[in-house]
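Participant: Features from TrEMBL:
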DOMAIN    28-280  domain 'Orn/DAP/Arg decarboxylase 2 N-terminal'
MOD_RES   K52  N6-(pyridoxal phosphate)lysine
ACT_SITE  C343  active site, proton donor
Amino acid sequence: MSAGTRLSGTLTDIAREYGTPAYVYRLDAVRTAAAALRAALPPAVRAYYSVKANPHPLLAAALVSAGFDLEISSIGELAVAATTGTTGRSLYTGPGKTEEELVAALRAGVRLFSVESRTEHDRLLRLTDRTEATDVRHLVRLNPAGAQAPAGLRMAGAPSQFGVAVEQLEAGEPMLTAAGRLRFAGFHLYSASNVADGPALLTELSGNAAVVAAVARNTAAVPEVVDIGGGFAAPFAVPGARTAYPDLRAGLAAALDAHLPGWRSGEPAVAVESGRHLVAEAGVLLTTVMDVKTTGGQRYIVCDAGVNALGGMSGLGRLLPPRAQPERHEPGGQEGVLVGPLCTPLDILNRRVELTEPAVGDVLAIPNTGAYGLTAGLVAFLGRPMPVEVVLDGTDVAGARRLMLSETEVGCREFLG
């Protein structure tokens, strides 16, 4: 079945046509989430989509069309940005950027980078001059002391590989000035992810704005751009709706008025980032029951999707076990262990899942898997084929693909000249 073919609308039909495991992404859900987030933010605040959440080009394109720019952190994500024609508006982030990827980004037209240290700043400066790139700007990523609010994952407010400790920045710091072809543009903070409590997220973002204001005062730096991060939450692989933030718009506007006056006219331009909040709800993972058996009084439901297809991030212990259900779910049922097909006892998706009389051939749906699903999985483990990805635009198939691992012979490393 090719792109543009109309389906009857059921997940079972998709499983029949494309096989399983299959990720299904709905563009209408992406657009709905994008509109809701825009409505939750003050109008003058710019928003980036964090491509790491789901790098599918059609999802990225839908978010670009909805007014989002892209936050990228690898050559692979750079390629996604290139498909949307927005590399010149993208923000390149992440610690430990290599010379190869910085040169690739500069040559592709990326002109805004977040730098994590003086070493990285100097590397970018050297490569900017070498490639003769013009109008290249950088943000200094900050790591302030002290966490603001509870979060699913914290990247600042504690010692980590991210950012520059605020207390290390002083007036005259070379990272806060222009040098060669590289110009200081402002500050970047990303302190926490998946903050499901609205007041806590407001506290986090407001605190980040206050940190920037304090650093600017102490260093006499004048930021043109301030990225205060994100933290917009969504459930992972369990039923539920993404978090709403009804009080964020007014509260964040007041905080920005207090800490960064001039933001309403773009002095500085303020930005946030969001990944899972925009795409998690749009995705569902379909998997087929291959076997049902009882061992030692415990029922096992063996599926064709395991931790290779879903669970790379949950293996780090920070995400809830997935919950699957038949497409036509009925209440009640017996508990069982939901496992995958891999030849390892670690391939367990959920140790306590409740399903009504599961049978071989049943198609199960794991909801809210549009973020940190396929590309966060152990996709190369045991060499199994990757799940297919089907993108729906309404009832039309906008695209269907299967990512493949490739093999390329390499010789001695070619160093940059």
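Each Cβ is built from the backbone N, Cα and C atoms, and glycine gets one as well.
TrEMBL annotations: computationally assigned, not manually curated.
Remember, it's a predicted structure, so these values are computed and weren't measured experimentally.
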Participant: Taking DSSP as the reference, which of helix, strand or coil describes the residue listed as 'active site, proton donor'?
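Facilitator: Looking at the DSSP assignment, the residue listed as 'active site, proton donor' belongs to neither helix nor strand, so coil.
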Participant: If you run the three-state DSSP split on K52 (N6-(pyridoxal phosphate)lysine), which class comes out?
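Facilitator: DSSP call for K52 (N6-(pyridoxal phosphate)lysine): helix.
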Participant: Hey, how far is the residue listed as 'N6-(pyridoxal phosphate)lysine' from C343 (active site, proton donor), Cα to Cα, in Å?
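Facilitator: About 28 Å separates the two Cα atoms.
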Participant: Run through the Cβ atoms and count how many others sit within 10 Å of the one on C343 (active site, proton donor).
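Facilitator: Here the count is 7.
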Participant: On the 0 to 100 scale, where does the mean pLDDT of the domain 'Orn/DAP/Arg decarboxylase 2 N-terminal' (28-280) fall?
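Facilitator: So the average pLDDT across the domain 'Orn/DAP/Arg decarboxylase 2 N-terminal' (28-280) works out to 93.
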